[in-house]
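Shown next, in structure tokens, is the structure this report addresses.
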Amino acid sequence: MERFPLKSSVSKMGTTYQSVYKKGTNGGRHGDEDTVDITTGPREVPTTPTSHGTFQLYDHGRPSNASANSYIAQYFSTSTGDAVIFTGMQGDTDEIPGIGQYDDFHTIDWQRDIARDRMRHRYIVKKRQDSIWNLIKGAHDAWSGWVCVLLVGVCTGVVAGVIDIGASWMTDLKFGICPQAFWFNREQCCWSNDEITFDHGNCSQWMTWAQLFGESKEGVGAYIISYLFYIVWALLFAALSASLVRMFAPYACGSGIPEIKTILSGFIIRGYLGKWTLIIKVVGLILSVSSGLSLGKEGPMVHIASCLGNILSYLFPKYGRNEAKKREILSAAAAAGVSVAFGAPIGGVLFSLEEVSYYFPLKTLWRSFFCALIAAFILRSINPFGNEHSVLFFVEYNKPWIFFELIPFVGLGIIGGCIATIFIKANIYWCRYRKYSKLGQYPVTEVLVVTLVTAIIAYPNPYTRMNTSQLIYLLFNQCGISNSDPLCDYNRNFTDVNKAIEKAAAGPGVYQAIWLLMLALVLKLVMTVFTFGIKVPCGLFIPSLALGAIAGRIVGIGVEQLAYKYPKIWLFSGECSTGDDCITPGLYAMVGAAAVLGGVTRMTVSLVVIMFELTGGVRYIVPLMAAAMASKWVGDALGRQGIYDAHIALNGYPFLDSKDEFQHTSLAADVMQPKRNETLSVITQDSMTVDDVETLLKETEHNGYPVVVSKESQYLVGFVLRRDLNLAIANARRTVEGITGQSVVVFAGSPQQGVMSPPQLMLSRILDMAPITVTDQTPMETVVDMFRKLGLRQTLVTHNG
């Protein structure tokens, strides 16, 4: 690879100038074919084009002892494929092991990684014409991104199928077992017996725990036995989940989305996306969902998919060795995670773009779309839900919504925003208390206590006892001829299945169901506050949808009864004057679910798309949009942060949100470290020994150091990272003979001629000679924009150079 490290030499007058090195350029002096010197005094400037291009020199004023004048060498290429590579950005820095990598809990340097990838790509393109083998390598490099996201999509779909099937079986295990085939869940057990209907446990093949002990299905004894088995299984599943997380993969707890957002913004958390985290997250998620805790598996699916993306990226060095490029794969994996969680591939891509990704170029959009599509297709092939729909809560509404219903829909958005704000504030308060109190030292005990309390208070209420996904599906559903739930206890006479459902007064079952749902709303809200953040894999999407669906169904029943009793008032504008039912309570449940989820996560566009993909209700986009916007406005008014941003702040992760607005009136000089009157830790380009550098590294904790001309003349030469400096010195001591503490470290310039004892240590390869710099008078708005849009790790502040 051709490179031009800019090196400096000292002239007679003590002024520093720079040389440009180029392989194969015959413009050098003193027999050095690779050097063009830039020094003072009259000089013959090479202006004739060589085989590689033309050099031109620009003189900016006469040199003096007082200041170092700039001489700029510019290279104008006349041939294809030539590239200038600044030292520290080379793609071939494998001579020193570990160079170009990052320490744990450090941020990546986006500019350096993207530049390294560009250089690697140019090198491959240039070499492609040399041989067939290089042509094949170039083709492999071009399509490796698509192959990688294909593998991520396939693996994510398979893992999601395993989780869905496992969670479904283990959830039903709390209620009973299929004696003929214990590996069947309740639904599959009934299918095997060719029974057409399966409702409320009427299947003869499925046996409850009370029946296995010789009791009847109903009665006090049966209730007590079922209650006890429900609690014991819940405690067993939760204890297993928490113990696995604690022993093998502490990073597998929680939803993982706050950490994924931070990782995608450029933060390094080693092991967070590793194989152990993946295995324990999958097993622990099945266990914790089955335990009946108020949590969901949708958020952790994003973490699981990102783990798969991280592991599979190492099969392709282009992504495995470059942290910035790896984040393109992780963005596609996050989209696949949401795609399989909800059966919503387009919503998954928008979720990745809107909610988690920090760097999202156009090619990543296409790859994310492809990855989400493959994952959804694989999951659909496995068919874990056992129906013809790949979505979670498919509904079939055929009634158009009435214009006046926008009022209750917006009202649901406001209610959703309020519920979400209460939840976020309470959860963050409790998580902060857990973090800074003795409670945090007993994670397994806390999980068991929360599980025990949840199981005890959930079982008596049929709406909290059932699986949360089943509850949401029930609340979304229309009341039809076959639905025997108390929610559908209307005074109707079904005589014709094909006839439209008529308006009717709510029966006593509906009012009883409303009270139970109100109780369920309070219990689920309280339990979710204490559950989100405990040391088991736990997501927030399903509990949020459940809270909103409960509130929405209650409001929907209220509006429905209003239309039944007063069908001719101006609000309904004649739409409800016929005998048919004009209000769909299930639609209100759907809108309420979107409102609460939007308030909790602050999603807007992706939320609406996920909701209509989730339910198949495309004609209800406007109500969903109205509720989502109202919920976001109320949530932003009552508290600025969504739940994920709040947890990022609570954990102290370095995350610069691209959506935040900063109103700074300060300058770069006001916030730089160290301040003007404090000592600046610098390294000189060619006058410090190895001992001097190691002393500086011990006495300071900076992530990197500016390299300057000298202590007296602190003109900036470049920037060197602390990690690279440590690795390079350790490598030199190991591989270069004669290197001692008295060896002079040279970052720029040629080795000094003469008797060299001990030998000099040349570290030009680790010096970044093109660091991003600002002047001390740069406004902070500009600096913040540079950090956000360029993904900077640090920027150097200069004054007159």
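We number each residue from 1, going along the chain as drawn.
Here the Cβ of each residue, glycine as well, is placed from N, Cα and C on the backbone.
Database features, via TrEMBL:
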REGION    21-52  region 'Disordered'
TRANSMEM  143-163  transmembrane segment
TRANSMEM  220-240  transmembrane segment
TRANSMEM  278-295  transmembrane segment
TRANSMEM  301-317  transmembrane segment
TRANSMEM  329-353  transmembrane segment
TRANSMEM  403-430  transmembrane segment
TRANSMEM  442-459  transmembrane segment
TRANSMEM  513-534  transmembrane segment
TRANSMEM  540-559  transmembrane segment
DOMAIN    672-735  domain 'CBS'
Best-contacting stretch, by C-beta pairs under 8 Å, relative to the transmembrane segment (442-459) and drawn from 143-163, 220-240, 513-534:
220-240
Would you kindly check 301-317, 329-353, 513-534 and say which stretch has the most C-beta pairs under 8 angstroms to the transmembrane segment (143-163)?
301-317
Between 220-240, 301-317, 329-353, 513-534, 540-559, who has the most Cβ pairs under 8 Å to the transmembrane segment (278-295)?
220-240
Counting only pairs 6 or more apart in sequence, are there at least 3 Cβ pairs under 8 Å between the transmembrane segment (540-559) and the transmembrane segment (403-430)?
yes
Taking helix as H, G and I and strand as E and B in DSSP, count the residues of the domain 'CBS' (672-735) in helix, strand and coil.
24 helix, 15 strand, 25 coil
What same-chain residues lie close to the transmembrane segment (513-534): Cβ under 8 Å, and 6 or more beyond its ends?
242, 253-255, 293-295, 419, 422-423, 426-427, 430-431, 434, 443, 446-447, 450, 453-454, 457-458, 461-464, 471, 485-487, 489, 540, 543-544, 546-547, 550-551, 553-554, 557, 643, 647
